[in-house]
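Participant: Look at TrEMBL and you will find B:9-20 tagged as compositional bias 'Basic and acidic residues'. The domain 'ABC transmembrane type-1' feature in TrEMBL is assigned to B:94-310. Annotated region 'Disordered' per TrEMBL: B:1-25, in sequence order. Per TrEMBL, transmembrane segment is recorded for B:32-55, B:94-115, B:127-148, B:183-208, B:239-258, B:294-314.
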């Protein structure tokens, strides 16, 4: 420093100092700015009335976001803002529910019920807005939204998942639609050619998603009424070994550009049979016209075929500043508003309206593959259990991956999974 | 350092004794400058790193599902640590990581050193090749993962690799989703190599250019042959400090493996490094922030131990060439 001062003209040195000082101040200001930006006000102000934030995962069908915004705009008692979330919705929702500032959290959101949400007080019971219409839902739709006798979610859409196939391809190969898993394996092998694989179940879940069909096909369940493990070792291992056999044949499409919830694979003729949901039917019909049909997932062993009745439910955040207003909005949109409920269920992708009394108005589902989908959903459908925790799901998913894809010892893997599940059950109900 | 301000001070004081004052004021300015530069980053470190670490340690002692402010009655002591240490999936994730590190650390090291040596020999288009190899470092793991997954290693017939295999009449390979044989390692390792090598290559080039030419000349005078002999006895020892630093950086980067695993494979039992597993445990629908925090701290401890051991055995921080 001393040498610096002695050997330079003072003006230059002052300049250098100023520039340095300026940089320092600039650094401070930038730091403060960066920190300040973290606490930016994202609350949406409105001159009068209540603001509600409603969260949706990103639906794949064109027009859905606009429809959600249309419903929100039509509501008069509050200003509803739609938050349309692409990507990993579960993670975004989880952190949204931890937020404490209005505008950062959802007041109303769609999702799936699990017990932890209730135990940590994240959602409020909605019995009072549902009292008049409880009989108007299927028992499954009520059960999956009920914990300890209280109903927490309002069903928005029912989404059965099953197999789509191209009748022309099956006819060409001289085979009939498979009714058992053995027949499915045979059909998949028969339908596999150089360019087309026989069957598409999914990329990253082709093994894990078969666990539930194995269990429900045998007439068993995930958890019994009194919250004990509802499936047995022999059934699961026999099914998993069949799934392994399927994966070792080269008739499965694995590594497709999209996951199985998207109908692109069957549309682009990458596969002859695809696991997908009712929502995709309009897109598939547009591509293949009459040449599409649906079957339930074939039976394992001597069991029955199965259909997973998926879908979405709406909840009210207990941490919301406007719980009552949020409940009123949910009642207005998802309980009472027949026009919008039918629009949401039928105008974009296809879904089965959860309100039984509204199903008569669903002309789009009255014939063809759509009607068949509704029929098999009612006959073979099963639903999630809100006491089945994500940890339990991870345990059986890992078990399936280890047995089916990695060829590990089925007995050990089953025992490991059951130990994890029992640990969870003991922790919750013990 | 200060010129105009001390002059003003002197005038006001009206004495000839100028020396202590400017010095004190200079010290003040120095410390002011120090805090001005360091302060924002320290604040950032506190807010975004230290506070979360301490909070996470606190959460790890509670049954903190769906909450970051658990109630006193949810205290579980070291239960979460016991759960994580006996959790098979967590153990598997550590194994996955070890396999990954066993591939990626030596490969990245060898490739970047090899590239640096080759570029250092080049007599033309040096800047061009340096840029070409460095550029991938600017690409995000997410973008690269999508290119690798959707285009190069797509499992369908029109994926780049499958098209090439097709020329030889080999059937389509599901690169990412069938662990037997474990082709997914090829995808993951090649992606990380492509992104990382350029960066470490630049570090090695810088170090190579620091090696005094006269060492080589002296060696030639003593009869050493250019090539393997000078590489082992001059180049490599001279690169020691850089090599140790690079090794440690590669290893730490490997511990942080997350983006490419999650974007390429998702939540699969066979390829789930610790960070990915903790992400699914603490976030997502599981929201088990207690166990997630416990796992994170166990992982942090492991990283600290390995880094310390590595520093001890390889002599991190020693002077270049010793």
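Counting starts with 1 at the first residue shown.
Note: Cβ is positioned from N, Cα and C throughout, glycine not excepted.
I'm curious about the neighbourhood of these features; can you describe it?
Facilitator: For the transmembrane segment (B:94-115), the residues of the chain that approach it from at least six positions outside its boundaries are 133, 185, 188-189, 192-193, 196-201, 203-204, 239, 243, 246-247, 250-251, 254-255, 257, 270-274, 302, judged by C-beta separation under 8 angstroms.
Beyond the ends of the transmembrane segment (B:127-148), by six or more residues, the same chain brings 115, 119, 187, 190-191, 194-199, 201-202, 205, 259-260, 263-264 to within a C-beta distance below 8 angstroms of the stretch.
Tertiary proximity for the transmembrane segment (B:294-314) is limited to same-chain residues at least six positions away from its ends with a CB under 8 Å from its CB atoms, namely 53, 56-57, 60, 80-81, 83-85, 90, 94, 244, 247-248, 251-252, 255, 274-275, 277-278, 281-282.
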